[in-house]
Each structure stands twice: as structure tokens, then as C-alpha cells.
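Pulled from TrEMBL, these are the features on record:
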- 1-67: region 'Disordered' (REGION)
- 18-67: compositional bias 'Basic and acidic residues' (COMPBIAS)
- 89-111: region 'Disordered' (REGION)
């Protein structure tokens, strides 16, 4: 199973660093390959980190937007309720005015 189905830096892990002494462990090409593999791994890890950070940031932004929309809908409900209450007050005032006019006209008729 040498080198098959393993990560790209298999030579690095088992190679020239001396972790495992074996065939080709200290070949000249392994040092260069190892450096490339380390850079590849480092880049891959950094990309994964930045991707995860971006996903976290996206989730945070989505949550902020959801909350903002929730507050907007609550504000709109408050505005609607205030408008409804104002209308009801105006109608009640109109009805009271009409009732007062009817009473006044009834008093006029009686005289």
C-alpha cells in the first residue's frame, strides 16, 4: 500500500524527516516534494478556515437580517395598531358629536 490511497504528503510523513526509515526515505526529490506538500496542506487548511469563517459570517448576517425584519414587522404592527386606535377614537368622537346633535335637536323640538 505504499503511497496508494494516502494523502499527498505521504512521502513527507514517512520520508526524509526521519519519522519512518524506508525505501526512498531520504531521496533528494522528497525534500522538495515535502515542502510543496506542506505548502499545499497549509493552503488547503487556510482555505478551509476562511471558508468556515465566511460561512459563519454569512450565518451571522442572515440572523441579523432576520432579526431586523422581525423588528420591522413588529414596528409595522405597532404603527398599524396606533392607526387603528386613532381611527376608533375619531369614530367614537364623531358618534358622540352626532349623539349630542340629536339631543340638541330633540330639545329644540320640545321647545
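Don't overthink the numbers, they just go from 1 along the chain as shown.
Yeah, the Cβs are placed from backbone N, Cα and C, and that goes for glycine too.
Where the annotation comes from TrEMBL, it is an automatic prediction and has not been curated.
For the region 'Disordered' (89-111), same-chain residues at least 6 beyond its ends with a Cβ under 8 Å from one of its own Cβ atoms do not exist.
DSSP states for the region 'Disordered' (89-111), grouped as helix (H, G, I), strand (E, B) and coil, give 22 helix, 0 strand, 1 coil.
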